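Student: Annotations for this protein, taken from TrEMBL, read as follows:
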{"type": "TRANSMEM", "residues": "31-50", "note": "transmembrane segment"}
{"type": "TRANSMEM", "residues": "80-98", "note": "transmembrane segment"}
{"type": "TRANSMEM", "residues": "105-123", "note": "transmembrane segment"}
{"type": "DOMAIN", "residues": "126-407", "note": "domain 'NADH:quinone oxidoreductase/Mrp antiporter transmembrane'"}
{"type": "TRANSMEM", "residues": "129-148", "note": "transmembrane segment"}
{"type": "TRANSMEM", "residues": "160-181", "note": "transmembrane segment"}
{"type": "TRANSMEM", "residues": "237-261", "note": "transmembrane segment"}
{"type": "TRANSMEM", "residues": "273-295", "note": "transmembrane segment"}
{"type": "TRANSMEM", "residues": "302-324", "note": "transmembrane segment"}
{"type": "TRANSMEM", "residues": "330-350", "note": "transmembrane segment"}
{"type": "TRANSMEM", "residues": "371-393", "note": "transmembrane segment"}
{"type": "TRANSMEM", "residues": "413-432", "note": "transmembrane segment"}
{"type": "TRANSMEM", "residues": "478-498", "note": "transmembrane segment"}
């Protein structure tokens, strides 16, 4: 059996286990499936990464139709790397949901697995219509997850999340329809370079990209993200943070470099008028995200704005349009998923234990919770781009790419992007210093509002002297922060995969041959 024939299992297994979770009412089974399925997916994706080290991209057509018409699942180094990262993030979020007992809510394990199936499908699909389908498979369970785990306040905030995604999904499928009407195909391999040759295809692809950029949280349509994500529980925010915006960013990269870029001339993207528009939006996204976190009073509100800023950093490579810049952006994506997953679960454990999420109601945690303090300190250093964390190489790679932009005829954009990165870094440092001083410095907190999963936030009570964050709640976050430190030391082990994946974007010949042999 060819390896390619196993690719549909990345979608089929999560879907089947999601159904099994509904049919078989067992909390033990739910807990095992919630973590085991993403871990198995991660192991399989790692095997794919190793396989692609010596083998070209591979594809399988689902439905026995001819290539170009069939539903293709395509795997290359970049998609395999993305599955590794998203699988790890999902497994850690599911682990945290088990520890907080949120997985006991009816259908939460099933909905989580269904979301994960949509993520894998979106990362592996080779045509635009099925990208839309899998994005919807990813998003529809999230609406129910908001409702199942939400308070009345969370449900009110969740309406924005639902409305924005419903509207952008309508825009996305309309764009796919325009592409099909003008090109007669939605297969990405068939559409290679088509947008550069036909303005009608370019219009359709542009509509698709606009929808994806909104789903990624790019300025000006970013407000839904910092408002909706903190309105969920900490575990759900950790799940959403590692999946939704990152899948949208991946889709933007794939479509831009395979469909939008002229064949064999991807560097021409740098002078495209739409690239200039995107450049302005990318800089604005970095700055708005970083500055917005300065005004937040809640810990997870700060994290949400930092997610917005992170999307801007990742998309720098699309604007500069040369390999080193895209490599830096993809590595920054890996770092950002790992760091945010660690920070959200660690801060979530504090919020769950003490019932406080406002920065001004916390204090003295560096003395009361030294282990948590060390983990969060390392996570904040990673967001700021400082050693000894993966954030250093993420920020350094981006700054190096902007400095190199002049060699690729992009000196002006290079300086603009460098200024944007530095200004955003200053604002980020100020916001994170404020968070650290407020939550971990100063006087120790004296009151708590214990969070009861089945009953919501309890009344304000005097904090007992022996209350501490349970070690089991710390474990998922500390694991991810430890991985961030490991990436600082072992970035050289990851970078070859990133470089190979980006090389496949700039020369998609093997990708196209795999789909259209």
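Glycine residues also receive a Cβ, built from the backbone N, Cα and C atoms like all the rest.
Distances, neighbours, how buried they are, the whole picture for these features please.
Tutor: Listed by sequence, the residues of this chain that lie at least six past the ends of the transmembrane segment (31-50) yet keep a Cβ under 8 A from its Cβ atoms are 3, 6, 9-10, 13-14, 17, 20-21, 75, 77, 80-81, 83-84, 87-88, 90-91, 94-95, 97-98, 103, 109, 112-113, 116, 120, 497.
Remote same-chain partners of the transmembrane segment (105-123), defined as residues 6 or more beyond its termini with a Cβ less than 8 Å from a stretch Cβ, comprise 10-12, 14-15, 17-19, 21-22, 30-31, 33-34, 37-38, 41, 79, 82-83, 86-87, 90, 93-94, 97, 130-131, 133-142, 144-145, 148-149, 239, 243, 247, 250-251.
Using a Cβ-Cβ cut-off under 8 Å and counting only residues 6 or more beyond its ends in the same chain, the transmembrane segment (160-181) has close neighbours at 128-129, 131-132, 135-136, 139, 142-143, 146, 191, 200-201, 203-212, 214-215, 221, 224, 227-228.
Under 8 Å from some Cβ of the transmembrane segment (273-295) lie the Cβ atoms of residues 206, 213, 217-220, 222, 226, 301-302, 305-313, 315-316, 318-319, 321, 413, 416-417, 420-421, 423-428, 430-432, 434, all in the same chain and six or more residues away from its ends.
Beyond the ends of the transmembrane segment (302-324), by six or more residues, the same chain brings 216-219, 222, 225-227, 229-230, 237, 241, 245, 249, 252-253, 256, 266-267, 269-270, 275, 278-279, 282-290, 292-293, 296, 330, 332-333, 336, 340, 343-344, 347, 359, 383, 394-395, 397-398, 400-402, 404-405, 408, 410, 413-414, 417, 420-421, 424, 428, 431-432, 435, 499, 502-503, 506 to within a C-beta distance below 8 angstroms of the stretch.
Only residues 6 or more beyond the boundaries of the transmembrane segment (371-393), in the same chain, are considered here, and those with a CB under 8 A from a CB of the stretch are 306, 331, 334-335, 338-339, 342-343, 346-347, 349-350, 365, 425, 428-429, 432, 435-436, 440, 469, 471, 474, 477-478, 481, 484-485, 487-489, 491.
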Student: State the residues, same chain only, that lie 6 or more residues beyond the ends of the transmembrane segment (478-498) and have a CB under 8 A from a CB inside it; answer 'none' if no residue qualifies.
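Tutor: Distal contacts: 49, 53, 77, 81, 92, 327, 330-331, 334-335, 338-339, 341-343, 345-346, 371, 375-376, 378-379, 382, 387-393.
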